[in-house]
Amino acid sequence: MSQCLEPRFVFPALGGLLFGYDIGATSGATISVHSAELSGTTWFNLSSLQLGLVASGSLYGALGGSILAYRIADFLGRRIELMTAAALYISGALTTGLAPNFVVLIIGRLLYGVGIGLAMHGAPLYIAETCPSQIRGTLISFKELFIVGGILFGYLVGSYEIDVVGGWRYMFGFSAPLAAIMAVGMWSLPPSPRWLLLRAVQGKGPMEDNKKKAMNALRRLKGPSASDKVLTDEIENNLSSIKAAYADQAEGSIFQVFEGASLKAFTIGGGLVLFQQITGQPSVLYYATSILQTAGFTTASDAAKVSILIGLFKFVMTGVAVLKVDNLGRRPLMIGGVSGITVALFLLAAYYKVLSGFPYVAVGALLLYVGCYQLSFGPISWLMVSEIFPLRTRGRGISLAVLTNFGSNALVTLAFSPLQGYLGPANVFLLFAAISLLALLFVILNVPETKGLSLEEIESKILKK
């Protein structure tokens with residue numbers, strides 16, 4: 001696991017940690033900013049709509065960042081995109097933490113969200129294009145561990161600052177120094193060699209000049225022990241694969257991702273991140289406190305402690321997925337995990353319908369859901385998105401998948417309260433269980449095994465079959 005501590009992984013993955021931190025810290029910050037005693041402002045009396053904008057402002061910013069990435073990411077390159085994301089994280093965190101009024105607060109939330117959109121696009125791309133295929137699954141899945149670790153860290157900071165006057169400013173602002181580390185780290189890393197070669201093949205840069213830059217970048221990534229022959233062979237192999245991908249196709253329009261192999265890839269990747277959001281994770285976590293209270297757990301009376309408990313369990317189960325993804329493969333983890341999610345949702349529906357006298361059924365179902373989600377949809381969806389798209393449309397394809405993820409997240413967030421009021425918890429969980437069955441069928445029929453294959457082999461052996 002020493003590869004997981006390499007700078008080429010750690011600094012891009014900080015983008016995921018900062019995304020997770022925002023999720024965790026926001027839960028405490030919304031309580032603090034809305035409190036007459038703790039807000040430290042004269043504008044604390046926010047409406048439910050305003051409070052919703054505080055909580056979801058970064059989500060809408062991430063939607064904008066995903067759209068922006070679709071148009072400019074291939075031009076900027078993965079490294080510059082991540083440096084831009086870090087700059088937006090810093091500006092968003094400082095603007096939010098120092099906000100003199102509600103409008104500036106929302107501007108800061110949106111800026112931070114644009115950074116999330118760019119980071120969640122650029123990080124898996126950079127990691128996938130610079131790491132060996134044998135450990136690609138481990139490293140990209142480890143980014144999900146960073147996200148979950150960020151959520152847990154945000155919960156911890158929130159619980160520490162929750163009783164401080166103006167504590168929400170510290171919760172939001174604390175991400176700025178972490179983003180500064182990410183910015184400096186990405187500046188110290190080389191560009192993706194594959195991206196440099198891609199630009200040359202696209203005619204967006206001199207071939208020989210870009211080959212030299214790619215060679216230098218690869219040498220910096222592999223270290224001084226790599227021989228010139230090994231580096232040259234890898235550069236030539238990658239270049240041949242890229243040229244083969246472009247041999248019989250002209251440079252296409254922005255809609256090229258909806259054609260041929262790219263459409264197949266988007267169906268797989270986009271489908272996974274869509275089901276990741278619409279199989280009920282926010283709803284399950286929403287009911288976590290009441291389920292634990294019913295079961296007699298005293299810590300459940302404190303929402304912050306419950307959040308930390310769930311966060312710790314998510315972190316452990318994500319670690320299991322990271323350790324096993326390159327051994328067991330993607331499909332077994334996805335099929336097993338989504339099967340467990342489906343069983344858990346049916347159990348939760350049964351608890352609210354007929355098994356209310358057996359609270360430990362609900363606790364077991366809750367832990368089963370969280371554990372299976374972190375073994376499957378949590379890390380594997382983003383892993384598949386990062387490796388499944390053909391090189392010529394990888395940047396745009398991943399940006400569309402990120403857009404699908406954040407868009408469906410926003411839709412579920414908006415629809416949850418009306419659904420809860422109209423259907424009740426039992427029927428809400430039945431609905432999500434039915435969607436999970438569809439997700440399981442989708443995985444079985446459409447999701448391939450990519451374990452051990454290079455990005456070029458995935459394109460030639462799976463997408464062009």
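In case you wondered, yes, glycine gets a Cβ from its N, Cα and C as well.
Among the features that TrEMBL reports, domain 'Major facilitator superfamily (MFS) profile' is placed at 8-451. Marked as transmembrane segment by TrEMBL: 52-70, 82-104, 110-128, 140-158, 170-189, 333-352, 358-385, 397-416, 428-447.
With a threshold of 8 Å between CB atoms, the same-chain residues lying at least 6 positions outside the transmembrane segment (82-104) that come near it are 11-12, 14-15, 18, 43, 46, 50, 58, 61, 65, 76, 110-116, 118-119, 122-123, 126, 169-170, 172-176, 178-180, 182-183, 186-187. Here the transmembrane segment (52-70) has Cβ contacts under 8 Å with residues 22, 26, 29-30, 33, 46, 81, 85, 88, 92, 105-106, 109-118, 120-122, 254, 395-396, 398-400, 402-403, 406-407, 409-410, 413 of the same chain, all six or more residues outside its ends. Per-residue confidence over the domain 'Major facilitator superfamily (MFS) profile' (8-451) averages 84 (mean pLDDT, predicted model).
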